[in-house]
Amino acid sequence: MADEDTNVAQKKKAPSEDDKRRQKIVPGSLMKAAMRPGGGDSTPSDGDQVIYHCTVRTLDGVIVESTRSENGGNGIPIRQVLGKSKLILGLLEGIPTMLKGEVSMFKMKSEMHYGEDGCPVTAPNNFPKEEELHFEIEMIDFSKAKVVTDDLGVLKKVINEGQGWETPRQPYEVKVWISAKSGDGKSILSHTEGEPYFFTFGKLEVPKGLEMGIGTMTREEKAVIYVKSQYLTPSPLLPVIEGYEEVHFEVELVHLIQVRDMLGDGRLIKRRLRDGKGEFPMDCPLHDSLLRVHYKGMLLNEEKRVFYDTRVDNNGQPLEFGSGEGMVPEGFEMCVRLMLPGELALVTCPPDYAYEKFPRPANVPEGAHIQWEIELLGFEMPRDWTGLNFESIMDEAEQIRVTGNRLFKEGKFELAKTKYEKVLREFNHVNPQDDEEGKVFLEKRNLLHLNVAACLLKLGECRKSIEACNKVLDANPAHVKGLYRRGMAYMALGEFEEAKNDFNAMIKVDKSSEPDANAALSKLKRAEQEFDRKARKQFKGLFDKKPGEIADAGAEEIKDEDQATVENKKNDSQDEEESDGDENREFLESATAGAPRRGLLYRLWPTGGRIFSALGLERCTIL
């Protein structure tokens, strides 16, 4: 029982600073007298924005300060958020007792207002903080508030809830009905008739604080956004901002147009022209799917010449393609994956995400910027493997693997790797039922790991390539393909001894692999020789040279290296032909293209990548 009491005590929330301040209140230091009753039965609580007028008087009736214009104030009531704003102790305790519309008088000793030790609120100039005073408070309104900025410079009060969850952000386009009043209730602007006010997020077309508040709204939401002077930046909506301590904007979000900067640099832009059906992004084809679209391709020039239209050039039939298979330009697919069925979007695309790296239509000039108008008609998700028998699962896996192989041959290594890894993830849930199925499953899984290793090698991730090979070799150290692939990765890193061990191990475990192992060893030997020659030349007499001479030696050795590159390329042409001639090879790979040089070879010889290319390692076969 004692342990349970201890646990309950530990779970109690630690007292806040306001709670600690309330403990200082003593009987008689704060008295309340209701002057006008309020309405309803609810009172403010933490998180509520409270709006009230306050007049402070001495006990003999002299006004010390007031928010009311008739008492010399500016006529703007005080707005604060309970639990967030700093309050004098008397109001911290008294305001939560008030009803809406209530007027009460609080009699406070000095320790209940600015005379409190450690009071978090600074007293106004010449304020009699040591005196007992009357605080007359009129509770105008209170409601839940959205704190938009931590300094409470921007707050939002929701009048009508909106639809969905999507909120505008840069560079979305927004349509709103909007009106504005000063803090004392005077009308500043009203845009509630005709066409809604249109603006683009992030272009300073409305005051900063207003934009921040609208950025928390959903479609069809209606709210009041309270903006203090520090967030009232000049804009076309409100050019004149001087003289306003705060402005209350009443806003109804009529419509938001999703505009996405897909790359973050303004080059690939997707603009939604018509909403689709469903919830974004849950109902988008984020995963690999069979997609059906109609599209119109235009050159992004003054004429916007149409170079292809499925409704005209494809006999009215939509384009069907599998996402993740490199069947359409990269920018096209990136945007379609973020569309909802039925959505119409306008995509502006730079050349490198359009036809620079994709077969270019004959009527599209080189380097052209493209605009596609795309309608997503629908999509089908990949087949669920749940409930399929083992043979069907292996057929599905093989189809995906074949697609990966095609992507690899086309140089789309990241896409190919994604395909292989997708199958490997699904394999985590596959359970072979007998030895024969287990053998087939193991062979397929090993093959996929080695294909991933090939992709990683092409992408320059040599260490990760070795890790992928080890997933095969840890279980079967005599796996010839795994040894070959790992040896190639070691060679790419300049770790020649490890590579030699793997190539020699191939011969020991399978005599039929000797031709390929010997070819690899021959290339390895030339790479070592070239490395030794380069290292000797680079360090020969280095410490006898002056600083300027060292630079000259570097230029000279590059020239010699280029000559050696030409010779090595000639010597290696026969090996390439023999390696490429085997029709049983699955697909070709490059061992070093674009690889980061992390091994000893590349620390000593940064320019050695040229030699590896000349040795033909970019065309070594996958066994």
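We count from 1, first residue shown onward.
Cβ coordinates come from backbone N, Cα and C, glycine included.
Whatever TrEMBL says is automated annotation, not expert-curated.
Copied over from TrEMBL, here are the features:
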REGION    1-48  region 'Disordered'
DOMAIN    47-143  domain 'PPIase FKBP-type'
DOMAIN    171-257  domain 'PPIase FKBP-type'
DOMAIN    288-380  domain 'PPIase FKBP-type'
REPEAT    480-513  repeat 'TPR'
REGION    554-591  region 'Disordered'
COMPBIAS  554-564  compositional bias 'Acidic residues'
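Helix, strand and coil content of the domain 'PPIase FKBP-type' (47-143), in residues and according to DSSP, is 15 helix, 37 strand, 45 coil. Look at the domain 'PPIase FKBP-type' (171-257): DSSP puts its residues at 10 helix, 39 strand, 38 coil. Counting residues per DSSP class in helix, strand and coil order gives 31 helix, 0 strand, 3 coil for the repeat 'TPR' (480-513).
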